[in-house]
Amino acid sequence: MSDILSINDLELNGAKVFIRCDFNVPMDEFLNITDDRRIRSAIPTIRYCLDNGCSVVLASHLGRPKNGYEEKFSLQGVAKRLSRLLDREVIFAEDVIGNDAKTKAEALKAGEILMIENLRFEKGETKNDEALAKELSEFGEFYINDAFGVCHRAHSSVEAITKFYDEKHKAAGFLLQKEINFAQNLIKHPSRPFVAVVGGSKVSGKLQALHNLLPRVDKLIIGGGMAFTFLKSLGENIGNSLLEEELIEDARQILQKGKELGVKIYLPVDVVAAQTFSAESAVKYVPAQEIPNGWMGLDIGPASIRLFKEVIADAQTIWWNGPMGVFEMDKFSKGSIKMSHAIIDTHATTVVGGGDTADVVERAGDADEMTFISTGGGASLELIEGKELPGIKPLRKEE
């Protein structure tokens with residue numbers, strides 16, 4: 001970890017600091033923040049800068065706005081929540097690099113905080129546009145990246161911006177350091193048995209991570225919608241369940257590779273099936289290999305939960321990424337919630353990666369019992385795949 005430039009090494013005294021945070025928080029239809037963990041996680045870095053007499057400019061994205069400003073993606077609510085958590089004013093700019101942001105940034109005094117509007121309201125952000133990055137770099141003499149959740153994206157505020165700072169003026173914040181550290185140790189030195197629990201709807205998003213995990217884990221549990229592609233590759237009847245036809249062969253190879261490496265791979269043995277995905281639809285428990293035509297599996301069933309519970313009972317490390325069913329709807333959330341309970345009942349070091357999985361754990365009331373909840377789903381997957389992340393690479397010390 002020592003090769004990452006750290007905020008501790010910077011001479012910040014009284015400077016203006018630009019911090020890239022990850023305030024991409026879930027909201028309900030009334031734009032109320034339903035989980036502020038990402039906002040709270042950013043506080044140690046912000047406080048450290050304030051304690052060093054700095055003025056602080058904060059930037060983040062929220063959601064995926066398509067064409068410029070959209071009220072539902074405004075960071076105004078985030079600024080209010082942060083202000084409450086810090087118990088001090090957070091000045092809000094109504095644009096990203098427009099007049100309002102520039103005027104307020106110039107007037108910023110030591111100990112003051114300014115949050116600029118959603119970075120993705122600027123088209124150039126997701127294109128890693130250097131002109132935008134240069135404008136953003138003018139907000140601070142120092143650049144701090146504390147947004148692990150976007151480090152796998154080469155975006156203006158994550159990658160291009162680092163070109164405008166030398167080693168003495170850019171670094172990782174405390175949250176980013178903690179996340180990188182944790183992910184790297186987990187992969188290099190897990191306590192064994194090491195069990196990975198992988199869910200979510202798509203195999204495609206997790207394929208590379210599965211290949212990379214297999215040589216490292218002792219057991220692998222596959223749940224969620226992605227399990228059906230694996231069941232299909234074994235010739236089972238999955239009815240109308242989610243299937244990625246083009247990945248059946250890949251699924252077969254992963255199961256084969258598991259055999260060769262002596263890694264036991266567990267799939268659901270029963271599912272909660274329905275004919276349509278709706279709150280009114282009738283449901284029934286059916287064996288995972290005999291889902292009737294016209295029915296689809298939308299959650300793991302009670303026998304699968306019992307099986308998975310046994311599989312993780314002796315684990316010393318559990319890494320969980322992806323829910324076990326369509327947890328957004330109550331009647332298909334039981335598998336994920338019971339999985340969460342089962343994981344905290346073990347004596348293992350428990351690591352949760354990804355927004356959906358973090359939501360499940362929060363909903364299950366288990367967040368405080370997990371050893372570590374990673375704020376970045378895609379980023380933690382890519383670290384596990386052994387990739388160099390575009391947001392982290394420029395923060396490595398030069399040899």
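Backbone N, Cα and C atoms are what each Cβ position is placed from, and that goes for glycine too.
Pulled from Swiss-Prot:
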| type | residues | note |
| --- | --- | --- |
| BINDING | ASP22, PHE23, ASN24, ARG38, HIS61, LEU62, GLY63, ARG64, ARG120, ARG153 | substrate binding site |
| BINDING | LYS206, GLY297, GLU328, GLY354, GLY355, ASP356, THR357 | ATP binding site |
Legend entry - Maximum Cα-Cα separation (Å), residues ASP22, PHE23, ASN24, ARG38, HIS61, LEU62, GLY63, ARG64, ARG120, ARG153 listed as binding substrate: 18
Legend entry - Secondary-structure category, per DSSP, in which GLY355 (ATP binding site) falls: helix
Inset, instruction - Please work out which residue of HIS61, ARG120, LYS206 has the most C-beta neighbours within 10 angstroms of its C-beta, and give that one of the binding-site residues. - result: HIS61
Inset, instruction - Please determine which of the binding-site residues listed here (GLY63, GLY297, GLY354, GLY355) has the lowest count of neighbouring CB atoms within 10 Å. - result: GLY63
Inset, instruction - Specify the count of other C-beta atoms within 10 Å of the C-beta of ASP22 (substrate binding site). - result: 24
Inset, instruction - For GLY63 (substrate binding site) and GLU328 (ATP binding site), determine the Cα separation and express it in whole Å. - result: 18
Legend entry - Proximal residue to ASN24 (substrate binding site) among binding-site residues GLY297, GLU328, GLY355, ASP356 (C-alpha distance): GLY355
Inset, instruction - Other Cβ atoms within 10 Å is the metric here; tell me which of the binding-site residues ASN24, THR357 scores highest. - result: THR357
Legend entry - Spatially closest candidate among ASP22, HIS61, ARG120, the listed binding-site residues, to ASP356 (ATP binding site) (Cα to Cα): ASP22
Inset, instruction - Just give me the nearest neighbour of HIS61 (substrate binding site) among the binding-site residues GLU328, GLY354, THR357, Cα to Cα. - result: GLY354
Legend entry - Cβ packing number for GLU328 (ATP binding site), 10 Å threshold: 12
Legend entry - Euclidean distance between Cα atoms of GLY355 (ATP binding site) and ASP22 (substrate binding site), Å: 12
Legend entry - Nearest-integer angstrom distance between the alpha carbons (Cα) of LYS206 (ATP binding site) and ARG120 (substrate binding site): 26
